[in-house]
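S.K.: Swiss-Prot lists these features:
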type: DISULFID; residues: C69-C144; note: disulfide bond
type: DISULFID; residues: C186-C264; note: disulfide bond
type: DISULFID; residues: C210-C231; note: disulfide bond
type: DISULFID; residues: C291-C361; note: disulfide bond
type: DISULFID; residues: C316-C337; note: disulfide bond
type: DOMAIN; residues: 47-155; note: domain 'Ig-like C2-type'
type: DOMAIN; residues: 164-266; note: domain 'Link 1'
type: DOMAIN; residues: 271-363; note: domain 'Link 2'
type: CARBOHYD; residues: N133; note: N-linked glycosylation site
type: SIGNAL; residues: 1-30; note: signal peptide
Amino acid sequence: MACAPGALGHRALWAVAWGLLLLVPVLAGAQRGRKKVVHVLEGESGSVVVQTAPGQVVSHRGGTIVLPCRYHYEAAAHGHDGVRLKWTKVVDPLAFADVFVALGPQHRAFGPYRGRAELQNDGPGDASLVLRNVTLQDYGRYECEVTNELEDDVGMVKLDLEGVVFPYHPRGGRYKMTFVEAQRACAEQDGILASAEQLHAAWRDGLDWCNAGWLRDGSVQYPVSHAREPCGGTGSTGAGGGTNGGVRNYGYRHNAEERYDAFCFTSNLPGRVFFLKPLRPVALAGAVRACAARGATVAKVGQLFAAWKLQLLDRCTAGWLADGSARYPIVNPRTRCGGPRPGVRSLGFPDASRRLFGVYCYRAPGAPDPAPGGWGWGWAGGGGWAGGSRDPAAWTPLRV
C-alpha cells in the first residue's frame, strides 16, 4: 500500500531524530577518546564541564609550557567572578601539593611555583596554567579543579619532560643505597629518580642495564634489552612482553632497609659541558682547579649524560667528573672507543690522587668569562696544564 506524501515526511523526520539521538553517545565517546573530558551534571543550569586537552604535554628543563584546562557552565546562573580555579600536583596516589589558586581577581602561586606560574587568561572559561622555567621537579601529573558554589569538576594533565635516564651508584659500590639515599644521589648528580614510565621509555630506546635500581614510586626495576642468564635469564618475561628482554620488576621494596642502585632522570642543560685536555694527566683536585679557572665547575654525571643525549657530545677521552668517577660520551660508536653501541662509558671510580685523566667541565649560563690575557688558569704545577700563550694547543674545550 502506498503511503501518503505527508505521512512519509513525518516518518522520515522521526527516523532522522532517532538516528541523531542514537548517534550522540557514539560521538561523545569518540570525543572522549581524543581528549580527557570529565563531566559533572547538576541539572539543566549551572552544569560544570572541565576539559583538559591534550591530556599530556611535553617540555624540557628551562622551558615554558601551558597546562591546558577549559571549563564551561551556564553563565546566566552564575557569574565568572564566583568561580574558583585551583591547580594541584599529584605527589602520591592520595597526596597533593598546591600549585596555584585563583578566585576572581585574587591569584596566588605556592612554594616553588611562585614567580613561575600564572593563568593564561585566554578568554572566558580558560583555566590553563602557564608554567615558566620548567624544572626537573615539575615532572608529573596535575589536577585542574573548577568550583562554583556546590558544583565542581576536575581534569588531569600530565607534564612530561624530554631527557635521559641513567643508572647510578656512588663510589661505595653497587646495591648500597636506601630509597632516600638514592633520591639524594640523583639530586647530587643533577637529576631526580626516574619514573617507571621514563625507565620503560628508555628501555624501548635501547637502555640495557643488569643492576636493579630504585624508581621514584619506590619500586625496584631494571631494563634488559638483550636477555642473558645473569640478568633474569633468557626465559623471563619483562614489561615488554616476550622472552627476549623487558623491564624486570622486583615490585615495591622496603625503602629504609633494602639497598639498590638508582635510575636517575635529567633533562636539557641550561649551560654547556666541555672537555679540558691536559698537557699531562692530572689528579681530581687539579681537575677541579682547572675548571674553576675557566669559569666552570667539574661536570656532574647527569650533566654529562644530558650533553651526550641532547647535545650530542662525543669524545673518546676519559675525564674526571664531580663524583670522582671517570667517564666519556660516545655518540658515534667506534672500535677503539668502547664497542659498537653509543652511550656514556664508565671507568669506575679511580683513586682521586692518581694523575690519569682530563676533566669534563660544566659552565652555567651567565658565568663570568675567565680573566683575559693568555691561557693561564691562576695556578702552577700540580698537573702540568698548559699556561699562557706557550702552548694553546695543549687543551681542547669542546663546545656543544
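Every residue gets a Cβ built from N, Cα and C, even glycine.
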S.K.: Give me the Cα-Cα distance between C144 (disulfide bond) and C337 (disulfide bond), rounded to a whole Å.
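M.R.: Cα of C144 (disulfide bond) to Cα of C337 (disulfide bond) measures 49 Å after rounding.
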S.K.: Report the same-chain neighbours of C361 (disulfide bond): residues 6+ apart in sequence with Cβ closer than 8 Å to its Cβ, ordered by sequence.
M.R.: V273, F274, F275, L276, A290, C291, R294, A296, T297, V298, A299
S.K.: Which state, by DSSP, holds C69 (disulfide bond): helix, strand or coil?
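M.R.: In the DSSP reduction, C69 (disulfide bond) maps to coil.
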S.K.: Can you break down the domain 'Ig-like C2-type' (47-155) into helix, strand and coil residue counts using DSSP?
M.R.: 9 helix, 58 strand, 42 coil
S.K.: Measuring Cα to Cα, tell me the gap between C186 (disulfide bond) and C69 (disulfide bond) in whole angstrom.
M.R.: 32
S.K.: If H, G and I count as helix, E and B as strand, and all else as coil, what does DSSP give for C316 (disulfide bond)?
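M.R.: Its secondary structure by DSSP: coil.
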S.K.: When a 10 Å sphere is centred on the Cβ of C316 (disulfide bond), how many other Cβ atoms does it contain?
M.R.: 13
S.K.: What is the separation, in Å, between the Cα atoms of C316 (disulfide bond) and C69 (disulfide bond)?
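M.R.: With the alpha carbons as reference points, the distance is 47 Å.
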S.K.: Can you tell me the three-state DSSP label for C210 (disulfide bond)?
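M.R.: Assignment for C210 (disulfide bond) reads coil.
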S.K.: Count the other Cβ atoms sitting within 10 Å of the Cβ of C69 (disulfide bond), across every protein chain shown.
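M.R.: Here the count is 28.
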S.K.: Of all the disulfide-bonded residues here, C186, C337, which one's CB has the most other CB atoms within 10 A?
M.R.: C186
S.K.: Including all protein chains shown, what's the count of other C-beta atoms within 10 A of the C-beta of C231 (disulfide bond)?
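M.R.: If we count other Cβ atoms within 10 Å of C231 (disulfide bond), we arrive at 21.
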S.K.: Give the residue counts of the domain 'Link 1' (164-266) per reduced DSSP state, in the order helix, strand, coil.
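M.R.: Taking each residue of the domain 'Link 1' (164-266) in turn, the totals are 22 helix, 30 strand, 51 coil.
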S.K.: Please give me the CB contact count at 10 A for C291 (disulfide bond), counting all chains in the structure.
M.R.: 22
